[in-house]
Amino acid sequence: MEIFNHDSNIHFLGMRKYSIAIAIFLMVASIALIAVKGLNYGMQFNGGVSMVVDYQQSVDIADVRAALDKGGLDHAMVQSLGGTREVSIRLQPKDDPAATDASGKFNLDRISADVIKVLQAARPDAKLKSRDFVTAEVGAELRSDGTVAAVFVILGIMAYLWIRFERRFAIAAVFTEVHDTLVTLGVLALVQREFDMTVLASVLAVIGYSINDKVVVFDRIRELFRLARKAEPEEILNRSINNTLSRTIITSLFTGITMGALYFFGGTAVHGFAITMLIGIVVGTLSSIFVASPILLWLGVSKKDLMPVTKENPELARRP
Amino acid sequence: MSDFPRWKYALVALVMLFGIIYALPNAFPPVPAVQVTANRDAPPINQAVQQKVEAALTAKKIAVTDVFVEGDHLLATFANSDVQKSGADEIKAALGDGYTVAFKLQSNVPGWLGAIGARSMPLGLDLQGGVHFLMQVDQKDAIEKQENSYADDIRSLLRDKNIRYESVTRSAASGQGIAVILRSDADRKTASDAIANEYTDLNVADGASTGDRFVLNVVIKPEKLRELSRSAITQNLGTLRNRINALGVSEPLIQQQGDSRIVVELAGVQDPTEAKKLIGAVATLQYRPGIGQPGDARAVEAARTGNIPPDANLYYMRGDNRPVLVSKQIIVTGNQLVDASSGIDQQSGTPKVDVTLNAAGAKKMGDFTNANVGKPMAVLYVEQVYETKVIDGKEVRVPKVTETVINDATIQSPFSKQFQTTGLGSAKEASDLALLLKGGALAAPMDIVEEGVIGASLGQDNIDKGFKAVLLGLTLVLLAAAIYYKLFGLVADIALFFNLVILVAVMSLIGVTLTMPGVAGIVLTLGMAIDANVLICERVREELRNGSSPHASIRAGYEKAWSTILDANVTHLIAALALTTMGTGAIKGFGVTLMIGILTSLFTSVTLTHAFTAAIHGHRKLKTLSV
């Protein structure tokens, strides 16, 4: 079975002005979105309030969630504390705007009072047992760790590609990498999906996925340059994209399927991970096809950059 | 004709066998159990205890699967965690305070698997339930303590050398050192030399001098300060380990994070309050000279008027709240304590704690009691817990120190190394105190900055969902690959399945804790592992289209795809490596899974499929290929 025409010869490089323009626009738009709307950091990053609520009779977690939703506190995390009469509720103060004063500081008493009022409206036997701040301090560290990891990933990949391929490939890969990461973050900022630890892990995994995708195309470019007798860069690049097109899309589909399964059946704990990965797969696939190669062309990749270095002939090595 | 060497077939078969055996233990889910260990002073675990437990459970009609003695502890296994909870309550009630009763997940893996080192993956908190604490070590306090002790040492040094001084005080601001005020410049010179000679960890510098006040500034050297911080956290880690072991939690995770933080994860523990009380408390005893009896006229007067004699502190007795005056002088503190155990005092029938001191403590105690027979001595219990409060809209952690006198009695006869403390409220209180003291003192108070509880039911729910997601994702990809690449797709499917098996085997063998992000990593690995086979299959198709023979196509397909697969996977591996080394918590777990997954998939999707393909096609003349 084959879905894609193996003789496809779509002139992807011909659209390079548009595709690069769109890519740059998306990057700028993403930066703007992240700057203006910001990422919706979860409690691990922002801190919040943690409460323990006691019920006289046993209570269903789902009922507690429903009661909180009804009271407008729909982002709270509700967990059972072992037994059936005690639940832990964690929420971010921004879920309860009434409890935040003008300067953005929040009031623990006010929040817990609000929560307990909402719960008592549904079940009068709810009683607040304890409440505590969960500090955000930890979040700042995580955030910087994530940034360090991302920078390290990008530098490591750049070094590897520089050694295995050539400088231009490393630059093109890193540019598209940054593009993919930014656009993925931009989409997250746009839809205001909660940004928690698993989403951070997912964003970092997107970097891994997208580089994987680009390297396959780059590999084909190198191969075709070496094989071709008369190598017109634009034609070689175009052929490489077309040759690898079916693999690019099939792999995206297969990875997409597993992430879809994770999203629909993996439970809320991995929702963020799966959806971020899905966004990343779409962005990464598109940029492998439309963005990475045009950059290579502009950087002026040519046949002679890619020929294997022959050490046997010193005469050749001396030539410019 | 086959270009696939025999030793590679053997390797593939061996790896497949390894994968199956070492992944197998995960098919035996652990059973909920209750573990009973004897405290120091209780009779050891034996048949009698076992019978007692069995009888108690039968009496309450609690279905227990098995009760048996294993080494120095007793285990009772139950069908599910609800029965386990009621079972634990019953056992606790039946055995009393002499035993620690803890929840445990008892491995169900057959013995022969355990014998060859195969074990199941430990489950993370999110898959099993439990409590998580992140604690901040207050290193400032450790430094202040050290400065105080240096100040004491300097005072006695100056006395020994007969140098007259006005005062030796620690600066109010922490880390600012100690100010020694002397009467003359000459004294200051001698003092400076003496201190510098005696304590090489201290820097001594002349300060301002006004009239007859000559100031000497003494500060702890920076390298010593660094060492103090380091040792504070190491000591706290050790102390925490002791205390948590006493709780009887199986496989606790106690880890340093950064310069001043400690992560504690207790899988299976559902009630954070009890755990928190034990791991967060800084409890110590101080033995001080007493001034009069509890509730006597002087103490009552001091409590009423607030006029406390300058050499005394006013405290209250634990339990009945009678005021009592206690001298400021400290004879011995909990730091000098080597051992503590609880029991019942034979004479009075009240709970007691037996205490053993180290040599230095024993000498001080001996000197004091010798000189003060017939006089009172008070035992002060000092507990420090941190509370988070909001002051002016800012979160401030306020240490809350509770100081109560637990005992104030007349010294009957001199004692030194070993003695007992009575006057404790209950046997439970005595055993808790003994546990705290025995666990050692924390070098610096700790403050819980993050606390999380994950319900066991949520854990089970996560496992079910994760399992479903892995299974569904796998099935869909297997189907899609078989449809799209026919026979080559089927071979890829076998490889993908074994990739999962070997991945699980390696993770189990290394002992990677499986968490929900880890499950996500497994799913992602499965999705991406098929990429190598897509590359190979597409190459084989291309070669066939270009007119190569089937055998040549297979060979060229594998050869040409290999460099691409290698480049793609190495770059991916760099990304995973960064996640593993730089990340913490969820990110790290995910990174480890991804890294192992990339390596196993390299093997399964290239070598394993090649073996199968060669076995299927190798010895036949082929006209077409099913790809």
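From the backbone N, Cα and C atoms, a Cβ is placed for every residue, glycine too.
Sequence annotations record features per position, and here TrEMBL assigns domain 'SecD export protein N-terminal TM' to B:1-102.
Marked as domain 'Protein translocase subunit SecDF P1' by TrEMBL: B:233-288.
Taken from TrEMBL, the feature domain 'SecDF P1 head subdomain' applies to B:314-444.
The domain 'Protein export membrane protein SecD/SecF C-terminal' annotation in TrEMBL covers B:448-615.
Sequence-distant neighbours of the transmembrane segment (B:469-487) (same chain, 6+ residues past either end, Cβ-Cβ under 8 Å): 493, 496-497, 500, 519, 522-523, 526-527, 530, 533, 537, 616, 625-627. The annotation transmembrane segment is assigned in TrEMBL to B:469-487 (among others).
Sequence-remote contacts of a segment are chain residues at least 6 beyond its ends whose Cβ falls under 8 Å from one of its Cβ atoms, and for the transmembrane segment (B:494-514) they are 15-16, 18-23, 25-26, 117-124, 127, 253, 470, 474, 477-478, 481, 522, 525-526, 529-530, 533, 589, 592-593, 596-597, 600-601, 603-605, 608-609, 612. TrEMBL lists B:494-514 (among others) with the feature transmembrane segment.
Per TrEMBL, the feature transmembrane segment maps to B:561-582 (among others).
Per TrEMBL, the feature transmembrane segment maps to B:594-616 (among others).
Across the residues of the domain 'SecDF P1 head subdomain' (B:314-444), the predicted structure has a mean pLDDT of 77. The domain 'SecD export protein N-terminal TM' (B:1-102): residue composition by secondary structure is 53 helix, 25 strand, 24 coil, according to DSSP.
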